[in-house]
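Undergrad: Have a look at this one before I ask anything.
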Amino acid sequence: LYFSPSTARQQNQPQGHYGLTSPISLAPPSDKDHIHTQKLIEAMKPFGVFEDHEELYHRTTVLGKLNNFVREWISELAESKNLPPSITEQVGGKIFTFGSYRLGVHTKGSSDIDALCVAPSHVERSDFFQSFFEKLRNLEEVRNLRAIEDAYVPVIKFEFDGIEIDLVFAKLSLPTVSDDLDLRDDSCLKSLDIRCIRSLNGSRVTDEILRLVPNLENFRLTLRAVKLWAKRRGVYSNIMGFLGGVSWAMLVARICQLYPNALASTLVNKFFLIFSKWDWPKPVLLKRLEESFLNLPVWDPRVNPSDRYHVMPIITPAYPQQNSTYNVSVSTRAVMVEEFQRGLEVTDEILKGNSDWPKLFEPLNFFQKYKHYIVLTASAFTEEHHLNWIGLVESKIRVLVGNLERNEFITIAHVQPQSFPGNKDLYNQSGYVSMWFLGLVFKKAESAVKTNVDLTHGIQSFTDTVYRQASALNILKEGMKIEATYVKRKQLHYFLPAGTLQKRKKQRVSDISQINSGLQCKRSSLGESCLDGSKDRDSRTPSNSSSLNKISKLDISTAETERLYVFEVVGGMWFLISWPNSKSQVSPTEMEATVALRTSGPPIGCTIPGYNTVCQLRTCFVQGQHKLSGTLITDPKSASPKQHYSPTSK
């Protein structure tokens, strides 16, 4: 789909330039295509991907109220800064939408809207996060108001009359903002700081995508199908290293460009055909990279060495062009390519009449796919602390994936984007807890020689990163913990409800969230926090620990469970709250038959009084079999001087 160097010379294009081809097919749709497209629509309806008129009207009304509210605030701010009355009356201000709402693929029951507040030059960012924030706080319609000022793209999140809004801010170098302002003009970026440019980029990219697709109706229907498929197959999550909404939209837009007359059923099939065979890391572009007088940094591997390491580049069409998939790793790309190949096989069968469209949307049976898993949990005492804590942990899970896939014995580290709810029986001890799962694929042993695979360094490096950033952001509170547990597939039933693990040959397309309730979490007699989680951050389930000692015995050795250890923040310092029983000496044979070595704790270099500890988590390869072994080395004699680690200290 891109010019080779020889073709580039023939077309008088510079070598290395990613020139775009003309459409692959201009064939008009057939009657059969119309029938398949109608069947595709019917298959998507049970999932609520189509918004009804009542919801659409309500969102439009809310956005109108918010737009008037912004104009009123900007006018009041102009008066407070003693601007002339002639300017105060005309300063304007406007709300732009972007993302799925602006693309026209908003789904039923999904109430969040991405919005941009554009203000004239007299409004500062500090005004947005102070006076505007306080003005929102006084509105009766506003709930769950919170500001995230230190984010990559600073944002205010709130609910306005039941509609969740993510509002970003940008001020232009203009005295007024008119209603007919066109953000696609590059001149609007002149003299802006990088945060304003990032905020504007969401709206500019969305508008450019809509401009570049040949048929909006076919694009929107295809995008709805692809997004539904991606969510059902567990590959819809930018933060976890998969693709986010804008990336999926650009991939679909590229297929629409290549097949401008095709209907949605054909476009879905061609989507899987093209991207299952795509020669990554060649980039996906909707138009040629363009120069600008503003000289802002753009994605260009010929100029920027760091851009050469992007494994699945999908480039935004609006200036300054950026890679929307810099979070993608080798593992997550491999998982997505595998899903593209499955999607191609399924849609080929559907178009041949040998299958039906619901088969495309069957959910991934993640917990039957792998033999080895890591269970990652994050817990905190209060709901507010938990929301902040899991937000940070979740944003860093891709770091753990990267650490694991760099291990020479691991070929795939696949994270399930969904988190899982907890058990009410653990509330008093653990508070609120979230749990994620990572599936592992190990390289097959080439011989019968026993090989130890040490996973500790990658996991500990991940926890170090999370703890240090939490300390830097001043969100580290008492009771915040992270645990990582290695388990085999047969032990997953201790952490998940039976319905989630049940292997079904013919799984109906029902909402997977319905089977996540009633999670029964089993723990060892140490009484540690339960490994649980939540699919939805805003509906955490508290738990109670009163029945911990009444849990039936697990089929792992008592000695093994006694070897677990956990660190906890108390009063701003790290304390050891669980330690291995000195009597629990597990032989290598016994260790190979057990699971659930857990690693957690403060960053490397944080000294626990009286101990110098090293935890090693290993997986052994014996004649092609994967077995767990581990050691915990305690050397009081060689310990560092007694001191407490304080997250606030240097």
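Positions of Cβ are set from backbone N, Cα and C atoms, glycine also.
Residues or ranges marked as region 'Disordered' in TrEMBL: 1-22, 528-548. For 1-15, the entry in TrEMBL reads compositional bias 'Polar residues'. Residues or ranges marked as domain 'Poly(A) polymerase nucleotidyltransferase' in TrEMBL: 19-213. According to TrEMBL, the ATP binding site annotation covers F98, G99, S100, T107, D112, I113, D114, D166, K227, Y236, G245, V246. Taken from TrEMBL, the feature Mg(2+) 1 binding site covers D112, D114. Annotated Mg(2+) 2 binding site per TrEMBL: D112, D114, D166, in sequence order. Under the heading domain 'Poly(A) polymerase central', TrEMBL lists 218-362. TrEMBL lists 365-424, 428-503 with the feature domain 'Poly(A) polymerase RNA-binding'.
Show me how these features fit into the shown structure, please.
TA: Taking the Cβ of D112 (ATP binding site) as reference, residues of its chain lying under 8 Å away and at least six apart in sequence are, in sequence order, I163, E164, I165, D166.
Model confidence over the domain 'Poly(A) polymerase RNA-binding' (365-424) is summarised by a mean pLDDT of 88.
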Undergrad: Please list the DSSP helix, strand and coil residue counts for the domain 'Poly(A) polymerase RNA-binding' (365-424).
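TA: Within the domain 'Poly(A) polymerase RNA-binding' (365-424) the tally stands at 28 helix, 16 strand, 16 coil.
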Undergrad: Other than D112, D114, D166 themselves, what residues in this chain have Cβ atoms within 8 Å of the centroid of the Mg(2+) 2 site's Cβ atoms?
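TA: Other same-chain residues with Cβ inside the cutoff are G99, Y101, I113, A115, K157, E164, I165, L167.
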Undergrad: If you skip the near sequence neighbours and keep only those at least six away, which residues in the chain come within under 8 angstroms of F98 (ATP binding site), Cβ to Cβ?
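TA: The answer is D114, A115, L116, G202, S203, V205, T206, D207.
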Undergrad: Given a separation of at least six residues and a C-beta threshold under 8 Å, show me what packs close to K227 (ATP binding site) in the same chain.
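TA: Residues satisfying the criterion: V49, S100, V105, Y236, G245, W248.
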Undergrad: What is the three-state DSSP composition of the domain 'Poly(A) polymerase central' (218-362), stated as helix, strand and coil residue counts?
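TA: Going by DSSP assignments, the domain 'Poly(A) polymerase central' (218-362) contains 74 helix, 6 strand, 65 coil.
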